[in-house]
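**Student:** The structure under discussion is supplied below as structure tokens; questions concerning it will follow.
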Amino acid sequence: MKLFWMELKKIFTWPVILLVVILNLLLYILLIEFELEYFPNGRPAKDVFQVEMEMIDRYGEVIDEDEFADFIGTYDERVKDANEFLQTDELAIKAGVDSYEEFRNTDIDDMAAEEMHSHIMFELEEDLFWELQARESIIERYESRVTGLEFLIRYQSNSKQEKERIREMLQNRKFQYYSELVLRNFENYSSQVVVIILLSIAIVLSPIYIRDKVRDIVPLQYTSKKGRGIFHLKWRAGLTSIGILLAIHLLIYGGLYLTNDTAHYFFMHVYSMSNNPVWYDITFGEFILLTIVAIIMLGYVFGILTIACSALVGNYLTQISTQILLFCAFAFVMIPVGVQRIIETMYLPWVVPTIYISLILFVCLTDRFVKKRELVKDI
Amino acid sequence: MKRMRITLLELQKILRSPVIVLMLLVFVGFNLFTILSNAYMKDELKILNQIVQEYGLSFNDESLKELKRAIEQGVSSIDHQAETINDFFNQLTFENYTNYSLDDQKTIDNLSLRYLYYNQASALEERYEELDIEVIGDGVIEKFNISGIAEELILNDYEKLAMRFDEIVEEQEYKTWFFAGNPYRMHSQLFRELMSIIAIEGVILVVLISAFIACYERDNRTSFVTYSTKTGRRLMLKKWYASLLGTLIVCGFLFIVTLAIYFTTFDYSGLWESFVSSGINWEYKFPYVTWYDFTFIEYLGMAILIITTTLLLISTLTFGVSVFIQNSYMATVFCYLLLVAMFVIPSLFTFSSLLLLLGQFNPTLLILNPHMYFNGLAGLAGSQYHEIITLTVWMVISMFLLTISLKRFMRKDLV
């Protein structure tokens, strides 16, 4: 056990920790900050988010006809407020606009009206009008919820299973009531986090075996009493450090995600807030858990490949190069397919599970190959 | 030759490692993929080569009239009733189009593309008149919230740029044919996409190579032998030459192969002498207003030169860091992070406009924006000598760093 701790300490040396911290800071600014600070991004999006929070509290996930009528009622009230606002606003009076209906149909060529329009929307940033816009988009989505899915069946779905799934959604009235704002934000956020996690793992674990090889102490280790058991010991220390890295990253970035205040959405089904149909009827909270599981699996797969690579190659040049190629493969294939669109019907239902299973099989085979090779190798 | 021998032997250490070759192949494959994913428009682009052949590289009212006449003739040969070109294309619905024979369809495609170029060319004069460079400068200042000395510097630049712009207009430099910027964006495709991809790939390899060569003896436990030979620690200098040579080879390979693929896919014949500041090359909000009257081939050469120089500079920087750290792994990762930092950190300088402006002079931003070289309308990076200043400053910095770390290395205890 003592040796195990020593090995662990050898993995997390101060310079390495420093590099990982710098990497995290830089990539936080480059990739993550935007998803946190600018969520929801832009004007109608912000208002859509506000209105939807209110809706979830009042109506829950499914909006039936009565609730929708209630929603329309609120909308009408707001329109009345808008009318009152317009009737007292100077510029609006000047432009001869005294109702929201006219305000919406502002003629771009009409200078006075256009000036009033941009004044109210962009200079005053009058929330009321943005809110109305947000409510309109929600109403529109509600009214086209059936035709939307029918449209998907006819024009966009490319496989039989996908068509069946959408038909089933239609039958069981699994409609999209909410905008995909929150879901997209989470998907982008999580895939950026994976990028950071993979790079951190690569930086920390690449030297694990090479360090000793470069220092020529492997023969010493293998002729000691512990012998080649050290190889397994290091392997276990590597696995532990992958776990440590994953835990720390997931805790920090998970905590940061909570600042987006999307807890309202956690108990709603993913299909009720996604433009693209999904295979499974899971809630957003479950989707988050699924993503975390996927991240952990990817982290371990990538980490074990890194360790195996470190055991196989002889110098840092080869190690870093293979890491770069491996990372590119993960970034271009695994992150979009295996994290971002993990349950979307874009891919056939067996594609994503197969990818994960084959990855795990591959890792197991590599694991055995590397360990066997090490046991019979000449010193 | 004998003096070069050690350098060449050092170079062999990298060129013999299969993984560098593998990475070069993967990178070239990726570039090939990028080029081919845009190759669908190469046939349409050929129309312009025909136009250039028939009407010359630069255009004026005369040749535009001729072009229009030719299009009119072409239209009336297909549809005798059409009175103007506009009429013809306006009534051309998809159904109408499919009613024509295949040959006619080809002619119609050809004519409509020529008409596109005619329209863009004839509208240029007006569009250029509407541009006010100094107003654009004020826009930049407002957008980045710049004040103090930085504001004066930028205003001064834009004043000079306005003169240069007048020169472009006066000498009709903008009236040369180039692939239509608006639908095709070929300038962006070549320089913004392809060249910066090559640059990134180059950086990845160059950092690896330089750090590897610099730390080779240490990593392989041969330092005691090599550093106590007659050449001794001066070997480090030879290693530096080797890493520069390696940089040139890697970069040359990437550039030659990728550009060869690119220019065999897209036909630039007849356009080499066209100006980058051509108005037809107007892609986004502003046209390209280059500080000097670079033709396309000159611009391409300059871009290659700048990227290569920057890579040499990055190689030197990495070499300096590696000699200092003496651990190729740490040095490589550190240099990658340093280059990323140069990209990230200037955007944080929003509190001081002078820092924001100075932050633009860094190698990472330089190699990531090859489409903006020598362009006056490049936001904060638009000053006349931007490229030259950046390169000189960083050349000095990296040489300084290298000298310090070499000096330190020369005196260091070996054990």
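Including glycine, each Cβ sits where the backbone N, Cα and C put it.
According to TrEMBL, the protein has these features:
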TRANSMEM  A:12-31  transmembrane segment
TRANSMEM  A:189-210  transmembrane segment
TRANSMEM  A:235-258  transmembrane segment
TRANSMEM  A:287-312  transmembrane segment
TRANSMEM  A:349-370  transmembrane segment
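Let's see these features in context: how buried, what's close, how far.
**Tutor:** Beyond the ends of the transmembrane segment (A:189-210), by six or more residues, the same chain brings 11-12, 16, 19-20, 23-24, 27-28, 31-32, 35-36, 234, 237-238, 241-242, 245-246, 249-250, 253, 257, 260, 291, 295, 298-299, 302-303, 306-307, 309-311, 313-316, 319-320, 323, 326-327, 330-331, 335-336, 339-340 to within a C-beta distance below 8 angstroms of the stretch.
Residues of the same chain lying 6 or more positions beyond the ends of the transmembrane segment (A:235-258) and with a Cβ under 8 Å from any Cβ of it are 4, 7-8, 11-12, 32, 36, 186, 189, 193, 196-197, 200-201, 204-205, 208, 292, 295-296, 299-300, 303-304, 307, 371.
Residues of the same chain lying 6 or more positions beyond the ends of the transmembrane segment (A:287-312) and with a Cβ under 8 Å from any Cβ of it are 183, 186, 190, 193-194, 197-198, 201-202, 205-210, 231, 235, 238-239, 242, 245-246, 250, 254, 266, 270, 319, 322-323, 326-327, 330, 334-335, 338-339, 342-343, 356, 359-360, 363, 366-367, 370, 373-374.
With a cut-off of 8 Å between Cβ atoms, the residues of this chain six or more beyond the transmembrane segment (A:349-370) that come close are 161, 279, 294, 297, 300-301, 304-305, 308, 311-312, 334, 337-338, 342-343.
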